[in-house]
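As given in TrEMBL:
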ACT_SITE  CYS373  active site, nucleophile
BINDING   CYS251, ALA252, ALA253, PRO254, GLY255, GLY256, LYS257, ASP275, ASP301, ASP320  S-adenosyl-L-methionine binding site
DOMAIN    161-431  domain 'SAM-dependent MTase RsmB/NOP-type'
Amino acid sequence: MMPRELPLRAVAARVILAVEQGESLNQCLPVEAHTLEPDLRPQLQALCYGTCRWFHRLDDELTSRLRKPLRKQDRIVHHLMLVALFQLRFSENPSYAVLNETVEACKALGKTPLAGLVNGLLRAAEREGAPAPTSDEARYSHPGWMIEKLRHNWPEHWQGILGANNAQAPMTLRINRMHGSRDEYLDRLREAGIPGRATEFADLGIQLDRPVPVDLLPGFAHGHVSVQDEAAQLCTQWLKPGPEQRILDACAAPGGKTCAILEAIDNQGEVLAIDESADRLPRIQENLERLQLSARLIEADAADVDQWWDGQPFDAILLDVPCSATGVIRRHPDIKLLRRETDITPLATIQIGLLSALWQTLRPGGRLVYATCSVFPQENSRIIRRFLGQQTDARLLDEPVAWGMDTGHGRQLLPNPESHDGFFYACLKKGGPEERQ
Ligand SMILES: C[S@@+](CC[C@H](N)C(=O)[O-])C[C@H]1O[C@@H](n2cnc3c(N)ncnc32)[C@H](O)[C@@H]1O
């Protein structure tokens with residue numbers, strides 16, 4: 001029988017095991033964190049994110065140190081040692097504490113017979129230091145298929161992308177222009193002792209020098225500011241939402257972009273936000289309420305237009321499709337463990353399906369912004385190219401913007417360790433009768 005309260009490292013090992021079995025950190029971390037005292041929860045988060053970020057490198061070292069793999073039923077001890085190696089290699093924790101507490105955690109997990117092995121292995125790891133990586137997987141700490149795909153897709157940028165994915169992402173804010181200007185909010189931050197600077201490309205963005213809990217942000221509870229990466233904030237630049245428009249946000253949860261759109265039009269337009277996930281839809285409502293914004297929410301498969309559309313065309317559509325999320329790995333390092341190469345083609349099928357289905361709901365002359373947080377052309381420029389090949393009334397707009405690279409079929413932002421996430425945007429305009437002549 002397992003004791004009821006496990007120590008920090010044992011809980012971290014359970015989280016990594018759950019991720020290996022297919023759960024995301026967003027799903028399993030809050031559940032496991034609840035078993036710990038509140039003051040230990042930030043440490044749990046740091047351990048789990050760090051271990052996922054460096055999983056492939058740590059696993060390479062651990063595997064080479066183990067004479068043979070542990071039995072399947074002892075897999076949790078493998079993960080416990082990964083957590084300890086993460087601390088030895090990437091944290092300031094004194095190694096004696098890491099060793100002692102990991103051995104205690106091993107016993108608390110009911111694996112006392114393996115405590116000697118854990119102790120010996122970690123002692124050797126401490127004494128000998130980090131070994132040279134034996135593979136690209138270990139060197140770049142990414143799954144091999146992802147490294148190969150990036151190398152193939154981005155021959156000049158793949159190492160930069162891998163490096164950016166392993167860096168800690170900055171905390172970036174979007175100020176709510178309905179409550180004052182960015183300069184005014186920068187002043188409020190300064191007064192609160194929270195240093196930050198205006199983002200380069202997003203008009204309303206502020207990148208903080210260091211992350212802070214949101215409760216410390218001036219006016220957060222009253223909707224004066226939101227947390228949103230700079231690249232995600234760019235969605236309004238091409239959508240150009242207007243206060244008189246009927247706007248659709250087709251894959252909306254948790255609503256970051258829905259709220260950015262509503263703020264841009266002073267909460268005046270008619271915005272419909274759809275998401276197929278019943279679990280995620282309430283997150284949109286929470287965000288709307290905090291920001292005092294309003295939109296109509298529908299739980300539906302956006303591609304199943306007959307199910308939700310009243311036949312009134314939209315002036316503007318944001319289609320932020322489900323994707324591999326390979327542009328936001330630095331924020332979600334569990335993607336390295338969760339994503340499979342075989343996921344990409346089915347995702348591309350869903351993406352083009354959503355785009356084709358929603359196109360009929362756009363009025364002639366209206367614009368649709370297609371967005372992903374992926375860095376794979378298969379989900380980005382190739383979707384747009386395919387779509388333009390089959391849809392004669394669709395035209396690609398490439399209005400001048402200072403950000404991203406022109407792919408010929410939309411603009412790609414690669415993750416930048418100094419600033420924004422990886423993202424892709426393409427803006428499509430529907431030809432009106434005058435444009436078809
Ligand atoms: C990239 S996330 C959207 C992020 C959101 N736009 C934001 O900025 O906060 C993609 C969303 O699409 C939803 N989704 C996936 N397939 C869908 C479909 N067929 N119809 C509607 N929503 C879908 C997922 O539940 C997920 O919430």
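Note: Cβ is positioned from N, Cα and C throughout, glycine not excepted.
TrEMBL: automatically predicted annotations, no manual curation.
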Including all protein chains shown, what's the count of other C-beta atoms within 10 A of the C-beta of CYS251 (S-adenosyl-L-methionine binding site)?
23
Can you tell me the CA-to-CA distance separating ASP301 (S-adenosyl-L-methionine binding site) and CYS373 (active site, nucleophile), as a whole number of Å?
20
Counting Cβ atoms within 10 Å across all protein chains shown, which of the binding-site residues ALA253, GLY255, LYS257, ASP301 comes out on top?
GLY255
May I ask which residues of the same chain, at least 6 positions away in sequence, place their Cβ under 8 angstroms from the Cβ of CYS373 (active site, nucleophile)?
ALA231, ALA232, CYS323, ALA325, THR326, GLY327, VAL328, ASP421, GLY422, PHE423, PHE424
Max Cα-Cα distance in Å among CYS251, ALA252, ALA253, PRO254, GLY255, GLY256, LYS257, ASP275, ASP301, ASP320, the residues listed as binding S-adenosyl-L-methionine?
19
